[in-house]
Amino acid sequence: MTKVENKADWYDRIAWGVVIPVFLLAVISLYGIWVATVNDPKMGSPVKAVITQAVWYLVSIALVIFVMQFDAEQLFKIAPIAYGIGIILLIAVLFLYNRQVFADTGAKSWFKLGPLTFQPSEIMKPAFILMLARVVERHNEQYAHTFKTDWLLIGKIFAWLIPVAVLLKLQNDFGTMLVFFAIVGGVILVSGITWKIIIPVYGVVFIIGAAAILLVTTPGGQAFLGSAFNFRAYQFQRINSWLNPSQDTSSGAYQLWQSMKAVGSGQIWGHGFGKVSVYVPVRTSDMVFSVIGESLGFVGCCALILIYFYLIFQMVKITFETKNAFYSYISTGIIMMILFHVFENIGMGIDLLPLTGIPLPFVSQGGSALLGNMIGIGLILSMKWHHKDYIFSTAGDF
């Protein structure tokens, strides 16, 4: 693959359709964090919280600028390195995990770096997407699509997924594991694998998912999962709270119940800019959607969701404009990552889905998730930055 020739003006090479919605989400993030902390003395200084998040945004913007300098050929080459570093970090956190977070949640997912905490699985997401895109691209270069070679490709994909899934299971981070499965599901759809394989495979996944739901929602099933797969009590508590949020509003389901009350109390227009009255624990991170729902109401929630849909639309548009198969696999993985986060976070905040601890992209407080998502944005922006006419169905010349 040759590098971009006759580069256009830098302004025209920036995907403003992606940059603008991310900027709007950043503003919403700072607003949500400010409102949540200023109305809850337990959260500490609202000024400090907002400044800290703003600093994370500045760091992530610098990271975006760095990532978007890599063209497809360079991304193809560094994918194994990024994946390898991610695996090393996922292994290291099993031994060097934050003891306080483990005591609170039972998850060995976080490093403690002085006053900061860092979740390596968030950085592993874009690294895994790069590796997955490389695997699919290289396979499609080497083999024509037949029933046998398509099964071979599925085997390769899962060979790279299994180590990540196992390490996340050892960390007791089931929610993040689901994100990786969503990424794989999306990439398989655009990989060129025949529907004669995709439909049965997805059918089996559906059956397994239905069986899993039966297991986690019944006492006998929970006992089996606890003894056979070492599922933790807090994970079952989240399921039970999801199924019966009104039966245990003082402890296990308290956070969910309060979030539902907050969103519901906002009604159509909300209580007003910056106004909230319902107490929701840890509101700045996993439950930040409740801030929008309570203060800005149904209208504010719809506006937030529309921003996400516009962002996804722009990502899809850029993918088709570049007409590059390798880029299409990357962007599909990133789109699935963001979509799953949005769907799960909003769903768990209004009791459509069980609590998983998955943050709302670009809005929830925290640096790890923001850095991971912004790396994804950098990869999308690199497509526009290094734009060249490729044949969509033809593998790049790496």
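Just so it is clear, glycine is given a Cβ too, placed from its N, Cα and C backbone atoms.
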Revision key, fill the gap. When TrEMBL is consulted, the range among 116-134, 344-362, 363-381 described as transmembrane segment turns out to be 363-381
Practice item. Using a Cβ distance cut-off of under 8 Å, indicate which of 14-37, 76-97, 174-190, 325-343 has the most pairs with the transmembrane segment (49-70). Key: 14-37
Point to revise | Among the ranges 14-37, 76-97, 174-190, 287-313, 325-343, the one whose Cβ pairs under 8 Å to the transmembrane segment (363-381) are most numerous | key: 14-37
Practice item. Would you confirm whether the transmembrane segment (287-313) and the transmembrane segment (174-190) meet the contact rule of 3 or more C-beta pairs below 8 angstroms, pairs 6 or more apart in sequence? Key: no
Exercise for review: Go through the chain and flag residues at least 6 beyond the ends of the transmembrane segment (76-97) whose CB is under 8 A from any CB in it; none is fine as an answer.
Suggested key: 70, 108-111, 120-121, 123-124, 126-128, 130-131, 133-134, 137, 160, 163-164, 167-168, 170-171, 326, 396, 398
Point to revise | Distant-in-sequence neighbours of the transmembrane segment (174-190), which means Cβ under 8 A and at least six residues beyond its ends | key: 109, 121-122, 125, 128-129, 132-133, 136, 154, 157-158, 161, 164-165, 168, 198, 201-202, 205, 231, 235, 328-329, 332-333, 335-337, 339-341, 344, 356-358
